[in-house]
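Enquirer: Before anything else, here's the structure in question.
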Amino acid sequence: MLSDINISRKHVCKPIAEIATNLGIVESELSVHGANKAKISLSVTNRLASKPDAKLVIVTAVTPTPYGEGKTVTTVGLTQAMNAIGVKTCACIRQPSMGPVFGIKGGAAGGGYAQVVPMEELNLHLTGDIHAVSSAHNLAAAAIDARLFHETRLGAIAFTKESGLNAVNIDPENILWRRVVDHNERSLRQIEVGFGAVNGPVHSSGFDITKASELMAILALSRDVKDLRQRVGRLVLALDLVGKPITAEDIGVAGAMTVIMRDAIEPTLMQTLSGDPCFIHAGPFANIAHGNSSIIADSIASKLADVVVTEAGFGSDMGFEKFSNIKVRESGYKPSAAVVVVTLRALKANSGIESEVAIDQPDMARLEAGFANLQWHINNVHQYGAPVVVAINRFPTDTSAELDWLQAKVATTNAFGCAISDAFANGAQGAAELAKVVHAATMVESEFNCLYETTDTLESKLMTLAEVGYGAASVSLSDKAKLQLAWLHKQGYSELPVCIAKTPMSISHDPNVKGVPRNFELPINELRLNAGAGFITALVGKVMTMPGLGIKPGYLNIDIDADDEIIGLA
């Protein structure tokens, strides 16, 4: 079988204007960027405001493993197959970060014959949204440091007299806004800035990867430009000398930041190998942010299609939980069905059993032990109220006996249905059975619900997520987190939803604990306010907001060949 990039390159894409027209987008709503992608105006939703919303399908997965579960493959393959059986369907996915592309994970266009094309355009730059987020974010960092410099240099009274602005009295020990770059760069995690006689004061800072920026979460959760502008204005950049928040509005940078992001608020339209529409927009990580594509992309797609298929990052304890308790709460757009992706390899890897048998070889002992992880994720998704469909993403080495066993086991759970998907190898045809089961699930009456009310106390929300969301026995707060909790209450932020930042490699906070962890204590190390995005992030265990490159990063394989073609992109 050809590599993903060769499959993409051999494919002849339809003109993107044709994809848009077939979807129902008119010419005035289309801004073409080259031959294969286009920005779509938010005016679509106004034109089609009276049209009922499409059914929404959310794709999640079991606890992730190094082998890959194929969530994007399933999202794209399901979209292809739904259209093939006559159900007008559009996909909505996140924009990939170049950090993982050049690191270890690779791109995020799907794979095989279930991918968004051209994959190299999707994985590298796209229409520049991530760069816009980086620029807007770093403008705020420059603005807060410049304000600190001038207020310190002149003093509050002279500063106000010379500038006409009120002094905000920034505490240099409490500058919360770091910088961002869209690469994995561990050496920038902790830095000191302001050295030199005319560059200070010196203070601690650091870099996060752009997808960890609160601006990325804001982009994903905003409804329109007005909402974006208001959210940017609420960003807390620092604290003043008496511990009160200083916002982007306070230092006058919110308007300029919004201007930089004005075009980024429009989703980008591309196509699958079958010529099906796919919106790509925003890209917050699911382990450190809320891990879902934008509300705007969903809302536009919901007026143009009959079914919208989107995905949430990592396992159901991560992106799906945040989809349910943060994104749905903001958008009001509830799913009609949820798909849990699983592979035989994932069950074996999540079994917690060490074995000399290769992961792609039959091993019933590990399969049986690992099934508990799938059972947990089915139950986890089911408690939110949407019908659950299990998609078994098939690999070439999977045996019929193993697949039959797994289907029989799923039949004993409270899943609505189960189907094997071979979309990677066979595109729409490979996901035909899955499409039928998912379509049937969307026809079932269901009542979707969140796990908690925002009016619950912060302590109660943390406890609910720990116990009901992860199966923890208790929660512990560090001394730092306790002080932050009291501050959040005092400043009036206690009614915001909670976003747990933790490892995706286990349901618990410990990546080494596989299967279904039980009776553990969830350690909350830090609470971070995201006033613009509208949630409080609780850092659990060891969480990095800036990845590092491994010993053999992906960029070693990437180059330009003699024909000026990109090679080695995965």
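Placement of Cβ uses the backbone N, Cα and C atoms for every residue, glycine included.
Relevant sequence annotations retrieved from Swiss-Prot are reproduced here:
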BINDING   Thr65, Pro66, Tyr67, Gly68, Glu69, Gly70, Lys71, Thr72  ATP binding site
Enquirer: Got a sec? Which of these binding-site residues, Thr65, Glu69, Gly70, Thr72, has the most Cβ atoms within 10 Å?
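Expert: Of the binding-site residues Thr65, Glu69, Gly70, Thr72, the most buried by Cβ count within 10 Å is Gly70.
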Enquirer: Using a 10 Å cut-off on Cβ-Cβ distances across all protein chains shown, tell me which of the binding-site residues (Pro66, Gly68) has the largest neighbour count.
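Expert: The largest 10 Å Cβ neighbour count belongs to Gly68.
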Enquirer: Please give me the CB contact count at 10 A for Tyr67 (ATP binding site), counting all chains in the structure.
Expert: 15
Enquirer: Are there residues of the same chain, six or more positions away from Lys71 (ATP binding site), whose CB falls under 8 angstroms from its CB, and which are they?
Expert: Val59, Thr60, Ala61, Glu311, Val341
